[in-house]
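Some notes on the structure that comes next.
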């Protein structure tokens, strides 16, 4: 199970769905623009 768009996440343990990124600056699942 993965985290969907704009779900809160942990940068060091990225469980976002494919193509989403999780960064320390923006700790939620989103597209890497």
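Note that Cβ sites are derived from N, Cα and C of the backbone, with glycine treated the same way.
Taken from Swiss-Prot as is:
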DISULFID  2-17  disulfide bond
DISULFID  9-22  disulfide bond
DISULFID  16-29  disulfide bond
Across the disulfide-bonded residues (2, 9, 22, 29), the Cβ with the fewest other Cβ atoms inside 10 Å is that of 2
Students should find that the Cα atoms of residue 29 (disulfide bond) and residue 22 (disulfide bond) sit apart, in Å rounded to an integer, by 5
Most Cβ neighbours within 10 Å, among the disulfide-bonded residues 16, 17, goes to 16
Looking only at the disulfide-bonded residues 9, 16, 22, residue 2 (disulfide bond) has its closest CA neighbour at 16
One should report the C-alpha separation between residue 16 (disulfide bond) and residue 22 (disulfide bond), rounded to whole angstrom, as 7
Reading the DSSP string in three states, the entry for residue 2 (disulfide bond) is coil
Here the Cα-Cα span from residue 17 (disulfide bond) to residue 9 (disulfide bond), rounded to a whole number of angstrom, reaches 11
